[in-house]
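K.L.:
For reference, the structure I am asking about is given below.
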Amino acid sequence: MTTRPMAVTPGDPAGIGPDLVLQAAADAAWPGGLAVFADPEALARRARELGLVVGLHEWHPGESLPCTGLAVHPVPLAQRAEPGRPDPANAPATLAALDRAVTAVMEGHCQGLVTGPISKAVISEGTSLPFSGHTEYLAERAGASHPVMMLVGGNLRVALVTTHLPLRAVPDAVTPERVKRTVRTVAEALANDFAVLEPHILVTGLNPHAGEGGHLGDEEQRIIGPALDAVRAELGASAQVEGPVPGDTAFTPRCLREADAVICMYHDQGLGPLKQQAFGGAVNVSLGLPFVRTSVDHGTAFDLAGSGNAGGGSFREAIALARTLSANRARANE
């Protein structure tokens with residue numbers, strides 16, 4: 001089994017990301033093996049505020065991890081981070097930490113990437129970048145043409161055809177090629193990363209009742225249905241693709257009984273049902289990247305930062321799943 005660390009970025013330094021990292025590092029039962037890309041002074045201050053004793057050791061990609069404490073690759077902030085008070089001046093450092101972590105993973109120094117929550121508004125304000133989220137940013141950084149956002153929680157794996165778009169922009173973004181690429185990416189990830197061979201994939205429609213035969217919208221007949229027919233022919237026996245099914249029944253026990261994953265057309269169509277079942281313990285997975293990346297299922301929670309009340313379930317699940325996916329991918333590539 002690899003001894004390479006798992007790269008971790010805490011996310012916004014004013015949010016709960018640093019709390020989650022430090023709480024995990026302070027837990028004697030936690031197996032360790034993390035390399036955190038962050039400002040060590042900011043982490044030390046947050047640890048004191050939380051009453052946690054965590055040894056912080058400077059680390060650089062390619063070095064061995066310290067025997068105790070937390071390995072930290074230093075990425076200095078521009079301004080002192082105050083819990084619950086996001087500062088756009090620190091946005092460049094937040095992105096710099098992410099960029100350095102990605103480089104370490106892509107150069108083989110780390111086995112995968114786990115990211116803490118960031119504020120899209122703070123990043124956009126502090127960098128003048130049209131930042132729409134980790135998934136899209138990492139895909140551009142890694143040269144991946146079609147990333148897919150999947151959340152894993154409870155017994156569900158839910159992937160999205162479109163991600164962070166205004167609802168009015170979704171119909172135009174649901175194209176035949178996007179639907180086909182999403183199904184291909186999910187099928188490949190299920191086989192290689194999740195070790196689910198010949199997966200059963202459920203795909204929803206866009207409109208109520210999957211268009212009701214064209215009476216409530218024709219995207220199912222004109223776009224989604226033909227795209228699924230084409231990708232079924234392409235995948236053959238390697239995957240069973242069912243749909244388009246109505247979004248309001250896709251998550252019923254009968255539909256989910258044999259489904260290994262559900263693909264939904266837009267953000268809230270898929271993530272609402274998943275978070276109802278598994279919020280606080282679900283994991284965001286970016287499919288279609290040349291490396292494994294997971295994240296928490298929640299935001300920055302500025303109101304909880306530094307309070308000691310941040311639940312770490314999703315963060316710990318994200319680390320555990322990243323390790324599992326990395327090991328599965330390594331075996332699939334042998």
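In case you wondered, yes, glycine gets a Cβ from its N, Cα and C as well.
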K.L.:
Starting from the divalent metal cation binding annotation in TrEMBL that includes H164, H209, which of H73, H267, H298 is the extra site residue?
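P.N.:
Checking H73, H267, H298 against TrEMBL: the divalent metal cation site match is H267.
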K.L.:
Among H134, H267, K275, R293, all listed as binding-site residues, which has the most CB atoms within 10 Å of its CB?
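P.N.:
That would be R293, with the most Cβ atoms nearby.
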K.L.:
According to DSSP, folded down to helix, strand and coil, what is N284 (substrate binding site)?
P.N.:
strand
K.L.:
Just to verify a number: CA distance, H134 (substrate binding site) to H164 (divalent metal cation binding site), in angstrom, no decimals.
P.N.:
11
K.L.:
Through the lens of DSSP with three states only, how would you label H164 (divalent metal cation binding site)?
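P.N.:
Where H164 (divalent metal cation binding site) sits, the three-state DSSP reduction gives coil.
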K.L.:
Provide, as an integer number of angstrom, the distance between the C-alpha atoms of H267 (divalent metal cation binding site) and T135 (substrate binding site).
P.N.:
13
